[in-house]
């Protein structure tokens with residue numbers, strides 16, 4: 001008895017997201033769970049079928065194999081035994097080699113036109129743009145469906161015909177001794193169709209080079225490495241097949257003031273010696289404008305001040321980061337003689353017996369150095 005298609009089992013489309021697959025599985029697993037249907041053999045069989053489909057479609061490698069080869073791609077018993085006298089070697093090797101030359105035979109059916117390629121666009125943003133969000137106009141070079149032949153590749157009023165060599169499969173079987181392998185049909189070049197009267201605009205390709213402009217909404221809070229997917233905005237598919245997707249890859253330029261780490265922002269704020277010693281208020285830049293920061297008296301250089309809620313709003317939640325300001329005490333330069341004299345007088349007031357009280361860190365350091373050399377010489 002042939003197995004049902006896993007997507008059919010879970011009642012989801014072939015392009016369903018992992019979240020949609022999980023949601024469908026949860027609903028069906030609860031419906032058919034043996035504990036809810038004691039003694040019901042059919043419900044038990046349905047539960048096992050749903051579980052099997054879920055395990056395959058939520059495993060990236062198994063899902064890729066299933067999408068490409070069907071149940072044969074995930075059958076652990078496939079390929080381990082010998083071949084019977086009537087075995088069709090084309091089925092076995094066609095599954096493996098078929099994709100290399102443009103798709104498997106899919107049970108003898110006609111070759112399906114290839115989906116359009118995905119595109120990548122590298123978008124550089126300023127920190128302000130990344131934090132606030134905006135709408136960007138992007139000009140994308142791509143392959144678009146030919147508007148003269150509607151993507152068929154054939155001149156208007158005509159249609160492609162099925163290839164007589166491969167009968168629309170896009171492949172022919174070549175036997176080499178014991179083995180049989182599939183290769184691209186030399187007549188239609190793997191397309192499965194022959195265009196006897198090609199379109200003058202696209203020359204039978206069904207697609208033409210074109211640039212299009214898209215308005216892309218960049219959400220607030222994006223960061224380096226974030227990727228935005230625009231479904232169906234990639235290259236047009238081959239001969240009317242679905243288009244690919246466009247992926248916008250975000251990078252953020254370095255800022256002259258702020259450094260971003262996750263949702264937090266960091267900056268260094270210079271303060272004067274007198275401000276650090278006596279305390280006071282200083283202006284600090286934020287992405288929303290200047291704010292005042294209170295500096296306590298006797299603040300040491302390198303001290304970090306946290307301003308809550310002044311960072312970046314997360315792109316994935318309502319959380320907002322903080323702004324962390326590191327104060328750096330600046331040594332005054334280009335002093336005149338009067339200023340130097342005042343500093344010398346001030347320095348004299350700090351020396352002597354009261355120096356430990358005014359500079360505890362310095363005194364502790366020099367006491368440690370003194371002890372180090374005493375121990376070294378003892």
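Including glycine, each Cβ sits where the backbone N, Cα and C put it.
For reference, Swiss-Prot has these:
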type: DOMAIN; residues: 5-70; note: domain 'J'
type: ZN_FING; residues: 133-211; note: zinc finger
type: BINDING; residues: 146, 149, 199, 202; note: Zn(2+) 1 binding site
type: REPEAT; residues: 146-153; note: repeat 'CXXCXGXG motif'
type: BINDING; residues: 163, 166, 185, 188; note: Zn(2+) 2 binding site
type: REPEAT; residues: 163-170; note: repeat 'CXXCXGXG motif'
type: REPEAT; residues: 185-192; note: repeat 'CXXCXGXG motif'
type: REPEAT; residues: 199-206; note: repeat 'CXXCXGXG motif'
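If you take the Cα of residue 146 (Zn(2+) 1 binding site) and the Cα of residue 188 (Zn(2+) 2 binding site), they are about 20 angstrom apart, rounded to a whole number. Within 8 Å of the Cβ centroid of the Zn(2+) 2 site, not counting the listed residues 163, 166, 185, 188, the chain contributes 164, 165, 167, 168, 169, 170, 171, 172, 186, 187, 189, 190, 191, 192, 193, 194.
Taking the Cα atom of each, residue 149 (Zn(2+) 1 binding site) and residue 185 (Zn(2+) 2 binding site) are about 24 angstrom apart. Look at the Cβ of each of the binding-site residues 149, 166, 199, 202 and count the other Cβ atoms within 10 Å; the largest number goes with 149. Residue 185 (Zn(2+) 2 binding site) sits 22 Å from residue 199 (Zn(2+) 1 binding site), counting Cα to Cα. Broken down by DSSP into helix, strand and coil, the repeat 'CXXCXGXG motif' (163-170) contains 0 helix, 0 strand, 8 coil. Close to the recorded Zn(2+) 1 site, the chain also has 147, 148, 150, 151, 152, 153, 154, 198, 200, 201, 203, 204, 205, 206, 207, 208: residues not among 146, 149, 199, 202 whose Cβ is within 8 Å of the site's Cβ mean position.
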